[in-house]
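Comments concern the structure below.
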Amino acid sequence: MRIAVLGAGAWGTALAISAARRQGSSVVLWARDHEQAAAMQQARENRRYLAGLPFPAPLQVVSGSLGTVVAGDQAPDLVVIGSPMAALRGMLATLRDVRVPVAWLCKGFEAPQADGTGGLLGHEIRAQVAPGLLAGVLSGPSFAQEVARGQPTALVAASEHEVVREALVAAFHSPSLRVYANDDIVGVEVGGAVKNVLAIATGLCDGLDLGLNARAALVTRGLAEMTRLGLALGARADTFMGLSGLGDLVLTATGDLSRNRRVGQLLAQGLSLQQAIDSLGHVAEGVYSARTVVQRARALGVEMPISEGVVALLEGKLAPAQAVATLMGRDPKVEAL
Ligand SMILES: NC(=O)c1ccc[n+]([C@@H]2O[C@H](COP(=O)([O-])OP(=O)(O)OC[C@H]3O[C@@H](n4cnc5c(N)ncnc54)[C@H](O)[C@@H]3O)[C@@H](O)[C@H]2O)c1
Ligand SMILES: O=P(O)(O)OC[C@H](O)CO
């Protein structure tokens, strides 16, 4: 199977490595920076984002025109977009006439655009800019380093199109990487987006040394608010008990490899948001999605107090300790969704 992965950040590179280990696969990894592509092709590793993890022989790094990568004699059977959420709209518009399955890896809501549009999940952007594309998302609990090392991982391939789900399973399922199929792309995308915002909250909680009870409370009530938003957007409830809901929330909210969790920890130490972002060297999507999560929830009449607290923190309207006090000071309520 021929696979093109567009975007050579940590996650695009990790999945390209993983797919290239499979018998009979050939993988092209596209980097937008020509010099970075040449350096990776020569070093046979991505020293910037995944140092020390060598590329298997069937992985070739290229740059230049995307049109050339996705068309011609060596056209791929599957195109995977490995960019952050901020670049997804442009990528999908460029790929709108591609006839093979296309999947994105980014997790988040698009930030609002200057012209008042935006604030959408990936499948909503696809419906706007590339309605004819056979497309979906590959999501679930997965740190890039562990996948690149071949450590056991389970992902979820979500799409309304069966051919897309099947292509993702065929490309990535392996003895170390299980890929489950799910037709609830709304639920899978809501899970992937909201868990990043919640991980900022648990990072803050742990950075302030509030204890394990507090973290468990945030994860549990965070899952409830993620589910409420998903149901209001048309998702199925059981999706939130799966890999992209509970699974990715537990991983990101508790795993020290998470960049979103790290943002919360750094804010708790007194760093400004900009200092926290600069120190990561990778994208932390929760920072850019949080406000949209809350705006979409408010528009639907969905209560999301933890996400509201994260937004107030990111916007500098509440100090870390005040954000916690605001959450704990809410009126008593019945335990329910
Ligand atoms: N790293 C992980 O463990 C992981 C796991 C699952 C999902 N994800 C998701 O995958 C997405 C990418 O994450 P990452 O860890 O690879 O990020 P990263 O910060 O490691 O790399 C981002 C890559 O995207 C490129 N990029 C940035 N803006 C771009 C643009 N406008 N057009 C094209 N390319 C652009 C950068 O050059 C870089 O190569 C995010 O949405 C993230 O939430 C990451
Ligand atoms: O490092 P994070 O916080 O972006 O999380 C990475 C993955 O999404 C975990 O599944």
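Placement of Cβ uses the backbone N, Cα and C atoms for every residue, glycine included.
The domain 'Glycerol-3-phosphate dehydrogenase NAD-dependent N-terminal' annotation in TrEMBL covers 3-162.
The annotation NADPH binding site is assigned in TrEMBL to TRP11, ARG32, TYR49, LYS107, ALA144, ARG259, VAL283, GLU285. In the three-state DSSP classification, VAL283 (NADPH binding site) falls within coil.
Annotation source TrEMBL lists sn-glycerol 3-phosphate binding site at LYS107, GLY140, SER142, LYS195, ASP248, SER258, ARG259, ASN260. Reduced to three states, the DSSP call for SER142 (sn-glycerol 3-phosphate binding site) is coil.
Taken from TrEMBL, the feature domain 'Glycerol-3-phosphate dehydrogenase NAD-dependent C-terminal' covers 184-324.
Counting Cβ atoms from all protein chains shown, LYS195 (sn-glycerol 3-phosphate binding site) has 31 others lying within 10 Å of its own Cβ. Residues or ranges marked as active site, proton acceptor by TrEMBL: LYS195.
Filtering TRP11, ARG32, TYR49, GLY140, ALA144, LYS195 by Cβ distance to ligand 2 (under 6 A) retains none of these binding-site residues. Between the CA atoms of SER258 (sn-glycerol 3-phosphate binding site) and LYS107 (NADPH binding site) there is a gap of 13 Å. Screening the binding-site residues TYR49, GLY140, LYS195, ASP248 for a C-beta under 6 A from any atom of ligand 1 leaves TYR49. It is 13 Å from the Cα atom of ALA144 (NADPH binding site) to that of ASP248 (sn-glycerol 3-phosphate binding site). The Cβ of ARG259 (NADPH binding site) lies under 8 Å from the Cβ of LEU280, HIS282, VAL283, ALA284, each of these being in the same chain and 6 or more residues away along the sequence. Within 10 Å of its Cβ, the residue among the binding-site residues TRP11, TYR49 with the fewest other Cβ atoms is TYR49. For the domain 'Glycerol-3-phosphate dehydrogenase NAD-dependent N-terminal' (3-162), the mean pLDDT of the prediction comes to 96.
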